[in-house]
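K.L.:
If you scroll down you'll find the structure; I have some questions about it.
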Amino acid sequence: MARQRTQPAPLEPGQVVELEPHGVAAGGDAVARYDGMVVFVPWVAPGDRVRARVTEVKRRFARAQPVAVVAPGPHRVEPRCPFFARCGGCRLQHLAYPQQLAWKRQMVIDALERIARIPSPPVAEAVGMDPPWHYRNKAAIPVRRLPSGRVAMGFFAAGTHQVVDMGWTGCAIQHPVIDQVIAALRRWLEEDPDGRATSTYDEARHEGLLRHLVVRVGLRSGEALAGLVVNGDGLPGEDRLARYLRREVPALVGVVKNVNRRPGNTILGPETHPLDGRPWIVDRLGGLRFRISLTSFYQVNPIQAERLYRLALDHALGEPAPGARDGDFWLIDAYAGIGTLALLAAARLRAAAARHRPGAGRWRVTAIEVVPEAVADARINAALNGLAGVEFLTGSVEEVLPRLAAAFRRGEGGQGRPPAAEAATGPDDDPPVPAAGDDRRRPDVIILDPPRKGCDPAALAACLELAPRRIVYVSCNPVTLARDLAVLCATGSPAAPPLPAAVAGSGTGRPGAARSGHLRSRYRLVSVRPVDMFPHTAHVECLALLQRDEPAPPTGRTGE
Ligand SMILES: C[S@@+](CC[C@H](N)C(=O)[O-])C[C@H]1O[C@@H](n2cnc3c(N)ncnc32)[C@H](O)[C@@H]1O
């Protein structure tokens, strides 16, 4: 039973109590109740009986740290990593993998019901991986020298900036090549005279040279790249160090130095210089090749990324394949990174068009990305795969998508490339992708794959105005997904951001405008599919398909 507000808290800090958690909260802590009060306990599983010491008591909840597992529950398993519950990287290794998947699905359902106000949302079973280990293709590892001269390298302890030294054991979720690079750098720093003379970064004082080791591995290609993040011009003997690392770890195709002189916890700085070999790796994903430099976004779990992308494109391109029907097809990939989804879509569209009669299924793909380096990589990737006609627009989605909507409003939407956009030009021998014909006034599909903070209201407003038949939303945060779906599906959540007045109808661009009838419910949530990109962590990734069943609103008007 819920506690009355006036009752004194039944717990106080320091108290040791016995608890039986019944669920897992967002973030991975187990949830129990004690005398009606909610208590969050990390590192224990639902069904466990545990003794826990109370560490914090608030008005409505308390936190406790486990002291002992009195009786393990049915879903508890032995964590594989000896550093589990000390290292902050994994939160769920003690929970059997099928229960992790069930929990992630429940997190999505809860967010959609609570925030987007969608009752019984159509959330499918999560797509898991087998085996769910050694999947991470990238790690950024802080380096700290201890007073003894030894070197500690590992991830930060949960909620702190204390390095938990991984020793020589390695990490259970990252690619083994990353462990090899860590071991080689540690040997250099402890045994080589230049290595011993290398200071490591002290965050509190903003002193010391070597901050992080960043390693990237191409799962399919086997190529690896190491980045030494330096608070200064360089490291003693850095060229020799780069050659040493490549000799010790043959998978390394290059070693680079990244200069980050800024205080704070941003890992990478603005400049990257090659030290030895080449400053990028090439990996294969979904049948295409991608060049990836140290700073570009690339999904950290490529096995699951391939599944996620296949599902996203099945939704986006739908049935029948666009090449199999008459008419043009225009797909916009918003938040495109190095162009993975845009190029995979273009490859599918090209293959489908080639299977059918000439002239049927002309297609166009437009990708939008804010980081210029990622766009540069994307253009190289387009050329690498013979798809250089894909349009890459550099800019924020909240600026570029409204420009496309404005062009559409002026009746220019179907006339080739967007007017205000900087379109990619491919090599002369690469035939351009046919632009959509004049009869096509709207994009058919918009893919949204924003960072954790979700989409800006201006981006959502432009989506509503462009009114594609389908929206495919790839999300790494169910909370912001739910907030944005409340706008796109017009469910009227108070969490939904205000829309610009022009889109919300007669000047009422406020939260809840949808409830007042200004925004007709436009998109139906057809399905949501969690795809486990981050096994053993509390991160939840999912894919939502939205469909517009009703006719598109007339040009320039999105309300009734
Ligand atoms: C989750 S990643 C997805 C990248 C890509 N779709 C993929 O799967 O590799 C989000 C991308 O959006 C970019 N980004 C972040 N905010 C943006 C904005 N406001 N406008 C455009 N791109 C943005 C980031 O640089 C990053 O490349």
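Using the three backbone atoms N, Cα and C, a Cβ is placed for every residue, glycine included.
Note that the coordinates shown come from a computational prediction; the quantities given were computed from them, not determined experimentally.
From TrEMBL, here are the annotated features:
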DOMAIN    10-68  domain 'TRAM'
BINDING   Q299, Y335, E369, D449  S-adenosyl-L-methionine binding site
REGION    409-448  region 'Disordered'
COMPBIAS  437-448  compositional bias 'Basic and acidic residues'
ACT_SITE  C476  active site
ACT_SITE  C476  active site, nucleophile
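Surface or core, plus neighbours and distances: that's what I need for these features.
P.N.:
Take the CB of Y335 (S-adenosyl-L-methionine binding site) and look out to 10 A: across all protein chains shown you find 20 other CB atoms.
The 10 Å shell around the Cβ of C476 (active site) contains 18 further Cβ atoms across the protein chains shown.
Under the DSSP three-state reduction, C476 (active site) is assigned to coil, being neither helix nor strand.
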K.L.:
According to DSSP, folded down to helix, strand and coil, what is Q299 (S-adenosyl-L-methionine binding site)?
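P.N.:
In three-state terms, Q299 (S-adenosyl-L-methionine binding site) counts as coil.
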K.L.:
Please give the S-adenosyl-L-methionine site's span as the largest CA-CA distance among Q299, Y335, E369, D449, to the nearest whole angstrom.
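P.N.:
Per the listed residues, the maximum Cα distance equals 15 Å.
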K.L.:
Please list, in sequence order, every residue of the chain apart from Q299, Y335, E369, D449 whose Cβ lies within 8 Å of the Cβ centroid of the S-adenosyl-L-methionine site.
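P.N.:
For the S-adenosyl-L-methionine site, the extra neighbours are F297, D333, A336, G337, T340, L341, P450, V474.
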K.L.:
Residue counts in helix (H, G, I), strand (E, B) and coil for the domain 'TRAM' (10-68), per DSSP?
P.N.:
0 helix, 33 strand, 26 coil
K.L.:
Quick one: among the binding-site residues E369, D449, which has the most Cβ atoms sitting within 10 Å of its own Cβ?
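P.N.:
Sorting the candidates by Cβ neighbours within 10 Å, the top entry is E369.
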